[in-house]
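Database features, via TrEMBL:
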type	residues	note
TRANSMEM	31-58	transmembrane segment
TRANSMEM	70-92	transmembrane segment
TRANSMEM	166-187	transmembrane segment
TRANSMEM	207-227	transmembrane segment
TRANSMEM	285-302	transmembrane segment
TRANSMEM	314-334	transmembrane segment
TRANSMEM	340-364	transmembrane segment
TRANSMEM	376-403	transmembrane segment
TRANSMEM	431-457	transmembrane segment
């Protein structure tokens, strides 16, 4: 049935009458988009395979020319996210990511709650150059968290309450928050930039990071404290964590040549991503130069570039969504749908409308198994609706962008790391959903009060 459903949806809609006022080509793109999106949600095949078929369908049905159907793969933003995957591999290969994590653990690991802050800082530091949230949580932070929990004999089941439940939730929530802090911190973020650009809104790497700074840091500050009340660890003091960190750092030895190069390249990338626009350097070009440096210095080799399945896999599905999203906007489908959805908010004061739109958008994530899927399906329409309230375009685009990441905390299937961390067995389903809902109220409150004030102070909102 999972194989049949996307095709069935497409066939049924294809034979329906085109809605009055909608462009025929736009209607056809929308049918293929929704069929592809359904395929992504029910997963009869991996997401890239499904989206690849969607691109093929655009050409086979003559909805778009082949050149148009493949346009998403020539977008600089598509290459940026792929290049960021190559850079993130350098952190894992050199061991610099692990070294950073153990340094934070040694600094903050004396208590369970402060240990949570150490794991949080690790994720935040890696986020700008590691767009694979699954790799960040699953390959770097989560293994360290499990090692610490096991030192204190906290395993899935009866002993999970000692600290495993709390630390797992911290890792998950930190990952969701940090994913919204930087344009390159989550694979779907560049899609937001492209969708915003279709509305003539220019989002830069530095502008994104600056807008996220204060409210995201506040979310990160309160998150471990509140989670320690929702899922209180029975072990509060963790001196063994510091000893474990010392032991691991001794095993790693002194900083090696490749780690120095990786660290220096990372600092250079951050600097140019923030200020490169004043030098005429686009973020994608900066990332290309960074990868070239890592190749020339031997930190990466070409076989690793070719073999980075995550990067090429992401490029396939990302380029497909970029193409579909662009033509949904170009053929007027986004504005058409936004007009009807916007009727729900007619007569409301602007401030009330903004809050209502953000809350609906946020909690709609209960129906999605990936943040990128929600961005593809809802971001463009809800952005147009927000703009109709009269709020400044850049602030509207960024506010929805940040919420697109944090909303993943609501369920145990909301993004890539969710099923991995939930599958570790440390957190019961009831606790996971309870923590997700309570913290969502906190995050929304922060973003819709302090966050909007911060964006207004910056002149974005």
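Cβ atoms here come from the backbone N, Cα and C positions, even for glycine.
All annotation found in TrEMBL is predicted automatically rather than curated by experts.
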Stretch-level contact, the transmembrane segment (207-227) and the transmembrane segment (431-457), CB cutoff 8 A, at least 3 pairs: yes
Contacting positions for the transmembrane segment (285-302) when only residues 6+ beyond its ends and CB under 8 Å are counted: 79-80, 83-84, 86-87, 89-90, 93-94, 184, 258, 261-262, 265, 268-269, 272-273, 276
Given the cut-off of 8 Å on Cβ pairs that are 6 or more apart in sequence, determine whether the transmembrane segment (31-58) and the transmembrane segment (314-334) share at least 3 such pairs. yes
Select the range from 166-187, 314-334, 376-403 that forms the most Cβ-Cβ pairs under 8 Å with the transmembrane segment (340-364). 376-403
Do the transmembrane segment (431-457) and the transmembrane segment (166-187) share at least 3 Cβ pairs under 8 Å, sequence separation 6 or more? yes
Six or more residues out from either end of the transmembrane segment (314-334), which same-chain residues have a Cβ under 8 Å from its Cβ atoms? 22-23, 25-27, 29-30, 32-33, 36, 40, 47-48, 50-52, 54-55, 58, 64, 68-73, 75, 77-79, 81-82, 85, 131-132, 187, 190-191, 194-195, 198-199, 372, 376, 380-381, 384
